[in-house]
Amino acid sequence: MTNTDPAPAAAKKAPARKTAAKKAPAQQAAQPVADAPATLEVRNPGTGALVGTVPVTSADEVAAKVRELRLFQPEWEAIGPDGRKEWLLKFQDWLIDNTDTLADVVQSETGKPRVDSLIDPAFATDLVGYYARRAAKFLADDHPSPHSPLARVKKLTTVYKPYPVVGVITPWNFPLAMPALDVIPALAAGAAVLLKPSEVTPLSALEMARGWAEIGAPPVFAVVTGAGATGGAVVEHTDYIQFTGSTATGRKIAVACAERMVPYSLELGGKDPAIVLADADLDRAAHGIAFGGMFNSGQVCISVERVYVEAPVYDEFVAKLTANVKALRQGIDGRESKHDVGALANENQTNIVQRHVDEAVAAGAKVLTGGKRAGFGTAFEPTVLVDVDHTMSCITEETFGPTLPVLKVADEAEAVRLANDSIYGLSASVWTGDKDRGERIARQLNAGAVNINDVFSNLFNFALPMGGWGQSGVGARWGGANGVRKYCRQQAITAPMLPTQDKELFWYPYSMPKLLFALGAMRAAGARGLRRIDLPAVLKLKGDNK
Ligand code: ADP
């Protein structure tokens, strides 16, 4: 999904935005990585206009940046969650105060409608508040209950100590929100963070770095720009990798992390099914699925990519869905909101969408609306496909575009079977008039999240984990305390609760009676029934009492 296609030559005449990259001296000195240009051009995919130029950060510069972050991280950790809260809430203020500018930048590098562009800063703002305020509770030491009465002689403590430098690598679909969603919890955990945004949309991430510097926060957050090689260097030098992007790149990162024995969390592709049952509110389902499939031109990892409809309501649902999709207004917004759907992120993306539609049609599918390029930039018309099946690429591969293939199913069982027939398992939705039925079906679906009578709502609930099953990922983001604890190493500490003797029963020199007594006590505490009493050992003790 990476843009390699040049924009139309005419667009090159458009004046470039001055990028925030100019404010980062380390990045100004960028040396080209092998076979890569020293700078990257950023274009509005809706208009082709050049909107910025960023340096390609070399592997050596990435290493130097990580060394610098390492120097400042201990102090960031030492000020504790309450100290960090102050900075994070200042950053939240900055996000709010700069919302319009941030939306401008998001819009300029994505070609999204205004409303979609405003979602990025709003989402980031919400998340900062959640983790800034709760990190102290989430990171507090745990004192778990001992597993056995014998262990009660110890005070048990679990400590959460951050990985010094977390590397965050992000894609282009939400160029501000995606970085923020992972950078903020990692900073809240006490880690320093090195962010490598997508080469397609690096400007919004650089805005984040500008904001962090403007509020005068400690230099524990930095952004490096470039493509895969720069990302590879981030994986080489940091202590934990949080990655969002394609399954193919995720796999490479997992291998690289395994070589270094560095932990990682991956959020990858999806092919999210929606199941519409005959008892559903069809108006709500048709509105929700139109939104779930077309929001951000379908470039959402959890967008609806397949729809299974029970036969009795199939025709009615398809008619309503098609009408909703047809009614969408597509175009390029200014600061005023005039459109629902904009452009795709890059030409590669448009080509994938076109291929999925063409291959489906060639194999017998019908286009009810859309099916072709929208006539400006990379934009593709919102599309509804019917008469599709599970051999077609529009069902087996992630499309990441504005297409909704709809299939008729005989019943709930067939819907569940087909929904689970995918290598992916990110999220799903079930549409039904019976919430209990919805929950029952949810538990049968192989997906990291299921929304009943809704789309995306798991995404806006940071108390829930967001993670994919199967080829959709490893680990999860958020999920309340886990969202910050994942960026920490756990340390177990034991301390005596009672006055200690000069030696423990197990210590040298070995004594069989003492050992058998200790082992017998463990068995008595943990086993059940007569097995609590270790008779052979007791007899041995009698006969062997030295
Ligand atoms: P997309 O097609 O959505 O851009 P990718 O998985 O190609 O998905 O890219 C997601 C992010 O991963 C981008 O920031 C990209 O530069 C980065 N990336 C690509 N290849 C690598 C790699 N080998 N190692 C680390 N990061 C990479």
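Cβ atoms are placed via backbone N, Cα and C, with glycine included.
Annotations in TrEMBL come from automatic prediction, not curation.
Looking at 1-36, 37-72, 109-144, the range tied to region 'Disordered' in TrEMBL is 1-36.
When Cβ atoms from all protein chains are considered, those within 10 Å of Glu267 (active site) total 28, not counting its own. Taken together, the residues in the domain 'Aldehyde dehydrogenase' (38-492) have a mean pLDDT of 97 on the 0 to 100 scale.
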